[in-house]
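Take a look at the structure set out below.
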Amino acid sequence: MLTTGIFWMTVLISHIQERGIVGVEGQELVHPKKLPLLHKRDLERIHDSDIPEEYEEELLYEIKLGKKTLILHLLKAREFLSSNYSETYYNVKREVFTKHPQILDHCFYQGSIIHEFDSAASISTCNGLRGFFRVNDQRYLIEPVKYSDDGEHLVYKYNVKAPYATNHSCVGLNFTKKSALIDVENIEEHNAEDHHKEKFIELFVVADEYVYRRNNKPQNKLRKRIWGMVNFVNMIYKTLNIHVTLAGFEIWSAGDKIEIVSNLESTLLHFSTWQETVLKKRKDFDHVILLSGKWLYTSMQGIAYPGGICQILRSCSVVKDLLPDVNIIGNRMAHQLGHSLGMQHDGFPCTCPLGKCVMGDGSIPAIKFSKCSQTQYQQFLQDQKPACILNNPFPEEFNDYPFCGNKKVDEGEECDCGPVQECTNPCCDAHKCVLKPGFTCVEGECCESCQMKKEGAVCRLAKNECDISEVCTGYSPECPKDEFQANGFPCRNGEGYCFMGLCPTRNEQCSELFIGGAEESHSLCYRMNKKGNRFGYCKNKGNTFVPCEEKDLKCGKIYCSGGRPSSRLGEDKAYNLKNVKQNVTIKCRTMFLHHNSRDMGLVNSGTKCGDGMVCSNGECIEMEKAYNSTICSSPCDENDVDDNEPECQCEEGSIITEWGEALNLTSVSIMVIVLVMVIIGVGLVILLIRYQKCIKMKQVQSSPREIRGVENKGYFPEEHQTRSEPILTDIHPLHTTAESLERVPSSFSSPHYITLKSVSKDSRGIADPKQTDNVNLNLDTQSGCERLG
């Protein structure tokens, strides 16, 4: 007995030392017992393949912890991997290899504790139970005991008072003025306007060489470690109705691809450049996280660009991975992802005790998002409209075997709030996935207290003068699609024109580029755009900076005054223009952004540059050309603001990236259509005349008489029938069409008109009224009758 006790004590001590677990207090040896399921709830599904799954869809485990018995209820994490999931490695020659494994089964689960309302779990069952679970505010780590054949596990209790537990910090990059401090009094009001639709974030993970070296044995150890982190992140973000899925990972197994230094801002800048110029060209994702295992002399545990989600250069973050506890690293990933979604650190008055909140400064795994974080996230959605997280990465055919309880409204269901023990929605019957009697809706901006709001109730307020308020229809729980004023609608008392729901001005752009109250500089500063260098140009073609023409000066590099530059964004340049006679000095400041393929230092497209003129790709052009329509650029009628007619509203997402190219393409398309219609029209007229001629010639007549166009009211003898459609002879883009018009004299100019005229008894001619001689296209009417007859 004593020998056995000493053995287990040695095992426990060696296990703790090997794992190096921090932020925990004590441990308890447990023997999880697998329980039979009391019900299947439609879990026996038909799979597309005949390959049986090794891991069950639903599990129950009994864990006796202290004096309590916990029943752990687990459901396999669905849509855990994106449909385009990939894994990338490098060989010893530094050659890159990417594979797309078709993983049909996995051992990662999420769930809760039965009979505990406030509980959650993120567990893998690959080799025993490993992961995180909580009951109320108390959090636990469970792991199998190494070298044990009897199913022993260790359960650690996270200690919020442990010294290390308050040592978590990250680099706090400045938020723009749009991410202002939250007014706590309006928190509930903002939550009432919550966006209920599920969001999707395709997460990609990059592991540096140090992480690889520590986790390369056994071969799949690092894969399972990354999967465990993402499973934890997904569990946390489900509380915001965000589904985080793993798009793939890349392992720098043959050396780091960037320089990783103690200054995390510099490391983030290097990583953002690499992922934009290299990774994005071979992989699609919404956000990428670099896990760095390099020992850096800094207490900072991570860094991210504030509000950077869906932005090519800024949707990335760096997280230090020096601890063996997957849950703590997953918590850091969730924290940095929160910054990318517009969330700031929790502080007064939104303090979050006991390390419970994701955006707090605790190191142990968090439980939830604070009210401030939720409000900041909702405000970010309204202001920035990040489109990438609205895209469901799973096609319909990928979402197999529907069942009641999967939190998706499948065919035949009215609602689905998840498993019975997890459902908290008062409107939905979780057993049958139907609405409870007397209720008409479950959720949505136009659903209140399980009843649809009346027609005309405002469900989305206009955010600015270029936006339009949306109202409920009375028959749908969802708010209608977000629409806004037509592009070109005057805004800010004539200072600008609306563009895609915003009113872009140079003053606002300056305040975003520079910190501390910058505004547009004097108009004389824009003369510097004639220089044709990186601090003054209108177009960037390769490595050549094209100087601005006179008319385009205010659409080149933007010049500001006041504020201070942000070294994080790029390099600034200041000019001092001095007027000796008036003894006046004008300061002109501009910025050249680092590693940015689309230079945001140029004046934004849609910014006013004259009456009826806007900037477009470094040029000042008329609004009709910029927006490719005189209709959409004209203001809406007073009574038509709220309807869906295209002349008054422009849909989101219809922005033309290259206006010039789109305009040329549209012009060619219009010319092709006009040519085809003219050719068809001329052919039909000729065919009709020939047919009528045949009919008249077949009639037996006693004496020749004048044939009048009785049936064809458009034809009269000795009168000209004139077509009003212009013929476009400039048809060089369509050589095959031009060949069919070889008989048309080259002297014809466009536009001109075709005149049909009676030339003789047996022939008809097509004549140009400007020509002295008719061009006759003689037709053999007799042979034509035989062919038609």
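Heads up, the Cβ atoms here are built off N, Cα and C, so glycines get one too.
The Cβ of Cys310 (disulfide bond) lies under 8 Å from the Cβ of Asp286, Gln384, Pro386, Ala387, Cys388, Ile389, each of these being in the same chain and 6 or more residues away along the sequence. The disulfide bond annotation in Swiss-Prot covers Cys310-Cys388 (among others).
Residue environment of Cys350 (disulfide bond) contains 21 other Cβ atoms, counted within 10 Å of its Cβ in all protein chains. Annotated disulfide bond per Swiss-Prot: Cys350-Cys372 (among others), in sequence order, evidence recorded as similarity to another entry.
Secondary structure at Cys352 (disulfide bond), taken from DSSP and collapsed to helix, strand or coil, is coil. The disulfide bond annotation in Swiss-Prot covers Cys352-Cys357 (among others), and the record cites similarity to another entry as its basis.
Positions annotated as disulfide bond by Swiss-Prot, on the basis of similarity to another entry: Cys459-Cys479 (among others). According to its DSSP assignment, Cys459 (disulfide bond) is in a strand.
Here Swiss-Prot flags 199-393 as domain 'Peptidase M12B'.
The domain 'Disintegrin' annotation in Swiss-Prot covers 401-487.
Under a cutoff of 8 A between CB atoms, and with a sequence separation of 6+ in the same chain, the neighbours of Asn84 (N-linked glycosylation site) are His100, Ala247, Gly248, Asp284, Pro393. DSSP assigns Asn84 (N-linked glycosylation site) to a strand in the three-state reduction. Here Swiss-Prot flags Asn84 (among others) as N-linked glycosylation site, drawing on sequence analysis.
As annotated by Swiss-Prot, N-linked glycosylation site applies to Asn167 (among others), with the evidence given as sequence analysis.
According to Swiss-Prot, the feature N-linked glycosylation site maps to Asn174 (among others), an assignment based on sequence analysis.
DSSP assigns Asn583 (N-linked glycosylation site) to coil in the three-state reduction, placing it in neither a helix nor a strand. Taking the Cβ of Asn583 (N-linked glycosylation site) as reference, no residue of its chain lies under 8 Å away while being at least six apart in sequence. If you look up Swiss-Prot, you'll see Asn583 (among others) marked as N-linked glycosylation site, on the strength of sequence analysis.
Annotation comment: Swiss-Prot describes Asn628 (among others) as N-linked glycosylation site.
Annotation comment: Swiss-Prot describes Asn664 (among others) as N-linked glycosylation site.
Taken from Swiss-Prot, the feature topological domain 'Extracellular' applies to 24-667, supported by sequence analysis. In the predicted structure, the topological domain 'Extracellular' (24-667) carries a mean pLDDT of 81.
According to Swiss-Prot, the feature topological domain 'Cytoplasmic' maps to 690-789, an assignment based on sequence analysis.
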Taking Cα atoms as reference points, rank the disulfide-bonded residues Cys350, Cys352, Cys357, Cys372 by distance from Cys479 (disulfide bond) and give the first. Cys372
Between the Cα atoms of Cys372 (disulfide bond) and Cys352 (disulfide bond), find the distance and write it as a whole number of Å. 10
Judged by the number of other CB atoms within 10 angstroms, which among Cys352, Cys372, Cys459 is the least packed of the disulfide-bonded residues? Cys459
According to DSSP, does Cys310 (disulfide bond) fall in a helix, a strand, or coil? coil
CB contacts under 8 angstroms to Cys357 (disulfide bond), restricted to the same chain and 6+ apart in sequence, sorted by sequence, are Asp346, Ala366, Ile367, Lys368, Phe369, Ser370, Ser373
Looking at the disulfide-bonded residues Cys388, Cys479, which sits with the largest number of other Cβ atoms within 10 Å of its Cβ? Cys479
For the domain 'Disintegrin' (401-487), give the DSSP counts of helix residues, strand residues and coil residues. 0 helix, 17 strand, 70 coil
